[in-house]
Amino acid sequence: MNTDTPTFEAQQVVRLRRGDLIRRLLQRDKTPLAILLTAAVVGTVTGLIGVAFEKAVTWVQNLRIGALVQTADYAILVWPLAFILSALLAMVGYFLVRKFAPEAGGSGIPEIEGALEELRPVRWWRVLPVKFVGGMGTLGAGMVLGREGPTVQIGGNIGRMVLDLFRMRSAEARHTLLATGAAAGLSAAFNAPLAGILFIIEEMRPQFRYNLISIKAVFTGVIMSSIVFRIFNGEAPIIEVGKLSNAPVNTLWLYLILGMIFGCVGPLFNHLVLRTQDMFQRFHGGEIKKWVLMGGAIGGLCGILGLIEPEAAGGGFNLIPIAAAGNYSVGLLLFIFIARVLTTLLCFSSGAPGGIFAPMLALGTLLGTAFGMAAAACFPQYHLEAGTFAIAGMGALLAASVRAPLTGIVLVLEMTDNYQLILPMIITCLGATLLAQFMGGKPLYSTILARTLAKQDAEQAAKSQRSVAGENT
């Protein structure tokens, strides 16, 4: 008798086990797989829209600058034209925001944080077109704003749009896809996938519900967004400052001093942003006409400023490599720094659709380079390179203002491809964050969200009082 031949009973047992395994697989909860697949869709769409937004803003800027170049020989025409073109473009952005989607004003990142806690609405059918077209207007006008805020808010709203289109009802999917879109948006803006992931984990840590599914979804969305960005824009770093030399160990104390300087500047900058917001609110009082005219005036002034001192206008990406290379004197760097602080306050605090990441990176570069050049003059024996302090300063102001040192470190290293500077970056950003916290500074985005929620509660209370008064009469 052949003992190797399986008996009929043994074959039956194998078939039953196989059928039971297949049945368990079919009955298994497919929610995690569905979330990961939709996260890939969110990341891909966010990457495509993010690239399209960048190209659209560049196209508008080129049209505006081209019109000015054609009239450059006629001073009587070029100055009024610079004001009018930028004013009209800015007014488009302000009008769309105020008329159709007030939550699309400003950076948009606090709105995503509020939505993650289900405290703010996500009206993607309004926010997506308003933020895209409005951002084209304000950024195309040459205002001192960045595109990362719009892409983060656009990404979060794409996450909610995909959720609605696929009719996914679970709270886990709603929260996860919103966070995935926001992370993919930051990655699409800066070609910085790891910074996009850290931004959600660190900056949105009070709101983000960390679990295996949510973090895998964020990873998936960021990967797809980064792939889309690199297909269209290549793999070069977004800011070309060249390969800088490493910082010698005996110079690291200088980076701690630089961090302490930014630890003082960060809370002061946040305070000025909030006070300027209050000033604008008192001026327009919520009236759309005043608000749009005010925005047009600010946009027009940025257009004029772009003719007088181009470095003081725009997001700042073109300024960063020039300043980091040491092409300006310390005095000129400080002058441009002060000018850009003022223009950043005017543009961002007025509620224009646009971010503040890029302007803060430029401000950090200016102050960091000025410090580096001064340190090189005071300590010639160290053979210091001002560019290394510029890189450290880029992340330090972001860390002190937003209170996200890890995001600031990784974002700058990914954007400049200077990973060898990670140690001075850590020292500078940690020093800036600790001193900012010691001085009582609050994270900028969290503070803006708290003010928005307080305003929302006040409006709801006033509405309730009016309805009660109407019933009594």
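Just so you know, glycine gets a Cβ as well, placed from its N, Cα and C.
Record features, source Swiss-Prot:
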- 33-69: transmembrane segment (TRANSMEM)
- 70-76: topological domain 'Periplasmic' (TOPO_DOM)
- 77-100: transmembrane segment (TRANSMEM)
- 106-110: motif 'Selectivity filter part_1' (MOTIF)
- 109-116: intramembrane segment (INTRAMEM)
- 124-141: transmembrane segment (TRANSMEM)
- 142-147: topological domain 'Periplasmic' (TOPO_DOM)
- 148-166: transmembrane segment (TRANSMEM)
- 177-189: intramembrane segment (INTRAMEM)
- 193-201: intramembrane segment (INTRAMEM)
- 215-232: transmembrane segment (TRANSMEM)
- 233-252: topological domain 'Periplasmic' (TOPO_DOM)
- 253-281: transmembrane segment (TRANSMEM)
- 288-309: transmembrane segment (TRANSMEM)
- 310-329: topological domain 'Periplasmic' (TOPO_DOM)
- 330-349: transmembrane segment (TRANSMEM)
- 355-376: transmembrane segment (TRANSMEM)
- 377-386: topological domain 'Periplasmic' (TOPO_DOM)
- 387-401: intramembrane segment (INTRAMEM)
- 405-416: intramembrane segment (INTRAMEM)
- 417-421: intramembrane segment (INTRAMEM)
- 422-438: transmembrane segment (TRANSMEM)
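Per-residue pLDDT, averaged along the topological domain 'Periplasmic' (70-76), amounts to 82 for this model. Tertiary neighbourhood of the topological domain 'Periplasmic' (233-252): same-chain residues 51, 54, 190-192, 317, 320-321, 324-325, 379, 382, 384-385, 387-388, 390-391, 414-418, 420-421, 423-424, 427, selected by CB-CB distance under 8 Å and a gap of 6+ residues from either end. Between the transmembrane segment (215-232) and the stretches 33-69, 124-141, 288-309, 355-376, the greatest number of Cβ pairs separated by less than 8 Å involves 33-69.
Most Cβ pairs within less than 8 Å of the transmembrane segment (33-69), among stretches 77-100, 253-281, 330-349, 355-376, 422-438, belong to 77-100. Within the same chain, residues 60, 64, 67-68, 71, 126, 130, 133-138, 140-143, 288, 291-304, 306-307, 350-354 sit at least 6 positions outside the transmembrane segment (77-100) and bring their C-beta atoms closer than 8 Å to a C-beta of that stretch. Taking H, G and I as helix, E and B as strand and the rest as coil, DSSP gives the topological domain 'Periplasmic' (70-76) the counts 3 helix, 0 strand, 4 coil. Within the same chain, the transmembrane segment (148-166) stays apart from the transmembrane segment (330-349): fewer than three Cβ pairs sit under 8 Å, each pair at least 6 residues apart.
Remote same-chain partners of the topological domain 'Periplasmic' (377-386), defined as residues 6 or more beyond its termini with a Cβ less than 8 Å from a stretch Cβ, comprise 244-245, 248, 250-251, 254, 324, 326, 369. Residue counts for the topological domain 'Periplasmic' (142-147) under DSSP, helix first, then strand, then coil, are 0 helix, 1 strand, 5 coil.
When the motif 'Selectivity filter part_1' (106-110) is classified with DSSP, helix, strand and coil residues number 2 helix, 0 strand, 3 coil. With DSSP classes pooled into helix, strand and coil, the tally for the topological domain 'Periplasmic' (310-329) is 9 helix, 0 strand, 11 coil.
Beyond the topological domain 'Periplasmic' (70-76), no same-chain residue lying 6 or more positions past its ends has a Cβ under 8 Å from any Cβ of the stretch.
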